[in-house]
Amino acid sequence: MIFSKAVFSVVCILLLLSMFVASILNTIATDHNFTNENKDEGENFTKYLAKKYGPISDSPNNLIWFLQISDIHISIFRDPGRISQFQQFCDSTVKKIKPFLVLATGDLTDAKAKDNLGSSQVKSEWVYYYNIIKESGVTEQTTWLDIRGNHDNFNIRTINSQENYFRNYSVQGINNPKSYVHYMNVNGVSTAFIGIDACPEPGLRRPFNFIGILDSQEQQYIQKLKQDAENKADHIVWFGHYPTSCLLSLEHDQQRIDVRQLIASASGSQVYVCGHLHSMGGLVPKMYTKHKKGYLELELGDWKDNRMYRLAAIDHGMFSFVDQRHNTWPVILVTNPKHAKYAIPGREPLSLIPDSTHIRILAFSDVKMESVKISFDKLSWLNCKSKDTPLYVCEWLPHLFVTGIHNLYVRAVDEIGKETNVTHPFTLDGTSVNFEVIPRILLMLDAGSVFQAVFGTLLLINVTPLSILRLQKSPPKYRRRCGRQILRKVWLLSKVDRIFYPIILYALYLPLGPWAIGELIDGYIGTIFAWGIVIKGTFLPEPFTYMYGSVQLMFVQIPLIFVLAYCLDLRLTNHNAQGIKRVIRNLPFIFLLTIQLLLAYFFWLEYGTLSFITSPLRTWSVGLSTLLWYKTLTLPPDYCRRLQKLNETPP
């Protein structure tokens, strides 16, 4: 059987697409059995933990809990509720829950200008943060571990520069300006909290400050922190601002450390908690995954818009957590039995659950708790007991739940009638529960590679079809009339040298030449390329530039081809409209030009006048588009006749 070119092309595309999808699915897979791959090491470690902690009973020992808050974005220009409610969090919430520790994982301040586009450190925002913590006395009641986010690093030349207010207006900045470790050995639980500061140096103004970068020195230091933590603690909780998908380790002497591998290499590593992605604007509220090496990564929704915080606990060596909206009481966290989805075999002593005597629940409210009840069928309820602690316990018979997934229902009521209900799935035989696909994609893929792939794909879309159409001597065939007409118009456009070559050459320039030269940090001139940024004699391989260029390709360059093809059709059909009709017929180009002018204006607000003037990406492209539009509408008559004759060629 002889296949047509179209069928062969479709088969090739489907084959490539299937390979691409298979690669992604393999990357984000969470069903790898970490225990089998590391059987001896995992078994020895969990047996050690099981022996150390002993049976799970009603004792409050071997239990710690802590809080996490992220992306506070204290701002003097917008949403004063962030400040007042953060003060309430420190004054009330922390004091009611009484955590052993609080993690503040970056973007402590907003550092954005009043126009919401410019960016620079605002001292008064840092003063607000400092005063709230100091006046609340929260550091006298618990340990406060804060770390920088990308907003805390906007427009900072060096870590020692005067504008780096984190050094003087945070809790940890004086002694721990970058990555650090904090050890906690209380209530029988030995834990190391390792903070990863991946803020690049220098810190550019937004938006080219999205990806965290670890230089060789910081990589080696974090590796040393990990080695020390393995010797001093049973459990390691990693925290930072950037998800691992947004971390880039620089290569030095052909060596670099993979952060995910580094975290996984420690037996005690249970979780990496972070922020930064803001739950994708609230669209992905539970951005959690389990990496192939068996540890969890948990992105926390922001304080900025959603007022979220996280309550986490380590109970008899097992990690549990719940994400909670501020001022929503009571707060419930079941620590035994462990939530089925978040079990991490080989890293925690899950063997203790089937032999445990009591269900264990942490419950808090801003007033006195009235009751905590549990049920397995929502029909009969059992009261949980507490001995003047937030730990509520109830005897149970785990042998009744040996196989499969089961649900534990918890109801907590405080003395003024506020009620919270929780459904808690658990398993005793290791039955797994899958994580959602979107969170896995966001946390397990490499953001830099994704940005490059998007940019490369759009670049090919910009160049390849137009080039292929130019090589065709006859109009392209297509069954549907609308598609056939569009293809014919673009085909004719590809035959116009004065239009074709500028479009192709500009597209090919984007991955090679500089996009702008300007003051990327106050007092320092830098050059922006697709593949990174050069400033202060330093090369920053910031991958977000690819996404910035992708916006130009998607919303300007690719639509420009169709707009010019439409304008060429008007020229060839002698639509010499006057007045308002001419304006209406040129609305597609006017709309496209408006988008370009807005993008150029935003770029000016972000990086100033010099960048605006010297920007082939944003500013010069406006002139290029206008010139091509004018050349299309004023095409010489003899050229038009040649194209009209060509247009009459049968497909």
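Placement of Cβ uses the backbone N, Cα and C atoms for every residue, glycine included.
Looking at 390-409, 450-469, the range annotated in TrEMBL as transmembrane segment turns out to be 450-469. Sequence-remote contacts of a segment are chain residues at least 6 beyond its ends whose Cβ falls under 8 Å from one of its Cβ atoms, and for the transmembrane segment (450-469) they are 476, 487, 490-491, 493-494, 500, 503-504, 507-508, 510-511, 530, 543-544, 546-547, 549-550, 553-554, 557-558, 561. If you take every residue in the domain 'Calcineurin-like phosphoesterase' (65-279) and average the pLDDT, you get 95.
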